[in-house]
Ligand SMILES: NC(=O)CC[C@H](N)C(=O)O
């Protein structure tokens, strides 16, 4: 336990919030433009009845790229490592999350599951007879990790992304040509945009982070929600690729496994420690929450959370 001081957490939020002015909310998904750039919220979950919160914690936001960690968990449980990693690699990339450039390299498989191309390939592997069933698998996984059965997806944001996802469409068609994706592209995009639009609060995120942090076990139900070796794979990808092409600097400054999304959400999983959920929609040029990163850096330094 890091025994968080609530007042200290509130002060840290106020301090980190100042960075928001230098960021911008994502606008390439039209519905995300509505976010308030000044918002900053955090939840730190340390097990049963110990969740410290500060900032606008009642705000809901969509997972966006944070969902890549969850779809990877489900695909690995459904298909096993050898199938999943025959379609997607394990190496970080210095390119932006939506880059197409490395796809053309032989053997034409995306570099890792945390960039869009890799995540689309991973989502295509989730088992289910219909897209609804596949989405249902993902949602029940989220329900199980959070204990919150009310979590669903934001239809407006999903639709807004589906209608404008021309880059993701081109990634899919390229991968379909090369046999990385075997299912129908429009169906995959419809599933992927709903997966990205799953709507949570910081507290929900912190609880998911806690499961990943603590060997995949759920503290309240005692259930092994994620097999141990898969929880380790998730944390490793979060360290090496979780903040896209800012992952190296983030590892040095903050040093905890974390995953960000263009909604401004961030989920951190400190091994054998807390799960952390942050929401701050002002982004820097790499697509990471600018105030969220400052806040996590301050928290990591204050409570010595770096794993290195
Ligand atoms: N970086 C992100 O959060 C990207 C997720 C977003 N849904 C996309 O595919 O573009």
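The backbone N, Cα and C atoms fix where each Cβ goes, and this holds for glycine too.
Going by TrEMBL, these are the annotated features:
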- 65, 116, 161, 168, 192, 244, 262: substrate binding site (BINDING)
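In this structure, 65, 116, 168, 262 are the binding-site residues from 65, 116, 168, 192, 244, 262 whose C-beta falls under 6 Å of some atom of ligand 1. Largest CA to CA distance in the substrate binding set (65, 116, 161, 168, 192, 244, 262): 20 Å, whole number.
Around the Cβ of residue 168 (substrate binding site), 22 further Cβ atoms fall within 10 Å across all displayed protein chains. Mapped onto three states, the DSSP output places residue 262 (substrate binding site) in coil.
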